[in-house]
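According to TrEMBL, the features are:
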type     : residues  : note
TRANSMEM : A:32-51   : transmembrane segment
TRANSMEM : A:87-107  : transmembrane segment
TRANSMEM : A:138-161 : transmembrane segment
TRANSMEM : A:167-188 : transmembrane segment
TRANSMEM : A:200-224 : transmembrane segment
TRANSMEM : A:244-266 : transmembrane segment
TRANSMEM : A:303-321 : transmembrane segment
TRANSMEM : A:351-376 : transmembrane segment
TRANSMEM : A:397-420 : transmembrane segment
TRANSMEM : A:440-460 : transmembrane segment
TRANSMEM : A:467-490 : transmembrane segment
TRANSMEM : A:510-531 : transmembrane segment
Ligand SMILES: Nc1ncnc2c1ncn2[C@@H]1O[C@H](COP(=O)(O)OP(=O)(O)OP(=O)(O)O)[C@@H](O)[C@H]1O
Ligand SMILES: [Mg+2]
């Protein structure tokens with residue numbers, strides 16, 4: 001009976017609610033924060049330190065800088081003769097997209113996600129108001145891009161890059177991250193569930209990327225870059241003229257969005273949203289008749305969003321195909337340089353093959369996300385009722401895996417068709433069959449993502465989405481670094497991207513495809529075994 | 001009697017160092033309404049998760065109508081379940097949820113389902129994300145009762161219901177019993193258990209400490225008796241079962257009675273009783289006694 005022993009003085013003074021909120025938020029983001037910071041700083045420093053001066057004459061550089069296709073794809077090449085400038089061109093877009101994606105996902109996860117899960121009801125019954133909680137949590141997430149940017153700048157300086165340029169590039173990365181924390185935080189106030197908030201933030205990201213590509217590629221529309229976070233960062237031209245104004249605009253926009261998010265949080269209820277939740281509506285009973293049908297139903301909406309984004313991107317890529325191929329044919333030294341950087345360009349097919357490989361990244365992330373959604377449904381106990389019906393776990397998982405696979409095939413087909421349509425519009429002469437062959441060529445890498453995600457679902461259900469993204473995102477970054485630093489071939493070969501043949505230039509690498517598919521099947525089998533054995537969260 | 005609706009044998013579940021369920025052996029007969037009681041954390045929901053194959057037992061086995069409970073494709077064709085906290089896909093309306101559960105479930109009596117929707121006053125047009133806790137629970141209850149499955153497993157199904165809905169719930173359970181369905185009901189609402197259950201099992205810190213009918217449980221416990229007499233009260237000291245004797249004034253006594261009452265009643269009758277009041281302990285008092293034990 002220890003409880004009655006000390007009736008007085010047993011209430012410890014509670015810390016300020018702000019401090020407790022901060023601690024809670026820090027716990028939820030620290031692991032991801034370390035990962036993105038490590039990747040940003042590590043990749044940038046590696047590319048700087050392994051840089052070998054490319055013998056490019058100024059006239060050729062000028063031609064490269066003018067070429068719309070190069071600019072559309074990789075951003076405007078600025079200061080390639082400088083180790084820092086080369087690192088920015090080679091890794092800047094990739095890292096800013098990575099940081100942006102992490103930033104909005106983290107922002108929505110620890111705000112709307114926690115609120116969705118009902119965990120904020122308890123939190124906010126204490127002394128903290130909703131706006132305080134939103135401000136505190138977003139405040140913690142905003143620190144992460146700042147740290148990642150600072151670490152990147154410091155790492156580049158340590159690797160020997162110019163100080164001013166490194167600082168500007170690091171600041172640019174931080175500003176993009178900050179903007180997407182704000183965008184995610186704002187979306188989390190506007191929409192009543194996390195997937196809608198993520199969808200809105202992802203739409204901003206894709207539109208921002210497309211605007212940057214158009215603005216970089218079409219001189220008449222270069223002002224569009226002022227409307228895109230990625231465009232603003234490109235306008236800063238680190239290691240070159242180094243402008244600060246675009247960054248000021250971006251940081252200001254982020255601050256406005258953050259302030260707006262907190263203001264809106266103060267105007268809504270816990271669990272509510274600014275955009276009112278749909279009221280009553282007639283039942284839509286299509287695709288509810290069986291477990292596989294229901295899996296398809298849950299996949300359709302995300303598929304539509306991803307198909308729009310991926311389709312728009314590849315349409316644009318198709319539209320610049322001609323100009324790109326012409327340029328490369330006229331400037332063979334770039335073809336050689338691109339080959340050194342891991343690209344086989346030179347013809348429309350070669351250019352298309354290079355870009356099709358990129359497709360594995362979004363589609364791989366998409367399938368990882370689908371398995372992640374199943375894990376999230378389980379964690380939220382939504383699977384309890386379906387699993388209390390005569391539905392085995394195997395059947396449930398098989399239905400979701402099949403739906404995700406089918407959706408991935410749709411996505412790669414959409415990408416192929418969009419690329420074909422774009423190139424047909426400019427008369428670049430890429431055949432539809434070739435385009436589809438090229439996009440279907442990435443399917444083994446996508447399956448690897450699926451295998452990794454299912455493996456995690458069986459044995460580490462909290463890490464599903466992250467594990468599933470490793471073959472695509474990790475493999476891609478790995479190969480970029482390996483190529484950029486001239487690592488021995490076996491290092492690059494660890495990445496699945498090293499085993500993608502340049503379809504449609506050549507035929508598919510069937511043995512490699514078989515190995516990847518086999519590994520994926522093994523992952524699915526092992527994951528299923530774990531999923532059948534373990535306790536479900538119910 | 002045929003095969004048990006629900007049967008467990010030495011069923012145990014360990015979470016790390018915590019033995020959440022310790023060697024549970026239990027039979028629930030077909031057609032029986034079985035109440036499953038116990039304080040928070042006693043292991044009731046754990047037992048139900050094991051029965052449904054949602055968690056794997058550390059040791060022991062369970063059967064549903066004679067079939068292995070782990071074979072969910074077969075076992076779940078004969079049962080329906082209402083979880084303690086009902087989570088639904090927020091963008092699906094109530095009608096869509098019911099449609100889904102009806103079509104992947106063990107079957108559905110749509111006429112009865114519509115009747116239940118009416119009785120539980122459920123607005124099916126709204127998305128589940130806008131439902132209150134009680135409304136989510138009602139969706140799961142309607143889905144479960146509408147299956148007419150031979151076994152209903154209900155985990156605190158009324159924790160979010162208002163008193164009117166609670167009454168509808170009792171009606172639905174009574175209808176299920178009349179249909180010959182078996183009900184396995186975990187609950188903290190003792191009045192509800194008292195009203196609907198034939199038999200109860202009491203779980204405490206993972207161990208089954210008692211299985212008895214509600215009437216039997218009462219009998220195992222003390223009854224309070226107060227009597228007044230026309231003449232002098234009898235001397236009840238030493239009468240078997242009589243305890244805590246008090247005299248209230250000249251012609252009244254109060255005492256508690258344990259076990260068979262025959263001897264005490266005879267003694268009272270011989271003395272010329274004017275009035276007698278026998279008060280059985282409420283289920284609450286009985287359970288407080290049990291629940292208190294494991295507070296130790
Ligand atoms: N997944 C789990 N991991 C670890 N411990 C668990 C897990 N699930 C339950 N427990 C523990 O097992 C014990 C029994 O939990 P259970 O949910 O079965 O209790 P209960 O009887 O249903 O309680 P209540 O009346 O509060 O619903 C508790 O101590 C609980 O903390
Ligand atoms: Mg429980």
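Using the three backbone atoms N, Cα and C, a Cβ is placed for every residue, glycine included.
Those TrEMBL annotations? Automatic predictions, nothing curated.
Predicted, not measured: the structure shown is a model, and the values here were computed from it.
Residues 129-131, 133-135, 138, 142, 168, 171-172, 175-176, 178-179, 181-183, 185-186, 188-190, 226, 229, 232-233, 235-236, 274 of the same chain lie 6+ residues outside the transmembrane segment (A:244-266) yet bring a C-beta within less than 8 angstroms of a C-beta in it.
Counting only same-chain residues 6+ beyond the ends of the transmembrane segment (A:138-161), those with a CB under 8 A from a CB of the stretch are 22, 25-26, 29, 32-33, 36-37, 40-42, 44-46, 48-49, 82-84, 87, 95, 99, 102-103, 106-107, 110-111, 167, 169-178, 180-182, 184-185, 239, 258, 261-262. Listed stretches A:32-51, A:303-321, A:351-376, A:467-490 were compared with the transmembrane segment (A:440-460); the greatest number of C-beta pairs under 8 angstroms is found for A:351-376. Of the candidate ranges A:167-188, A:303-321, A:351-376, A:467-490, A:467-490 contributes the most Cβ pairs within a distance under 8 Å of the transmembrane segment (A:32-51). Long-range Cβ contacts of the transmembrane segment (A:351-376) within its own chain (Cβ-Cβ under 8 Å, at least 6 residues beyond either end) map to 69, 73, 195, 298-299, 302-303, 306, 309-310, 314, 317, 321, 324-325, 328, 338, 343-345, 383, 396-397, 400-401, 403-405, 407-408, 411-412, 415-416, 419, 423, 430, 434-435, 438-439, 441-442, 445-446, 448-450, 452-454, 456-457, 461-462, 464-465, 467-469, 471-473, 476, 496-497, 500, 502-505.
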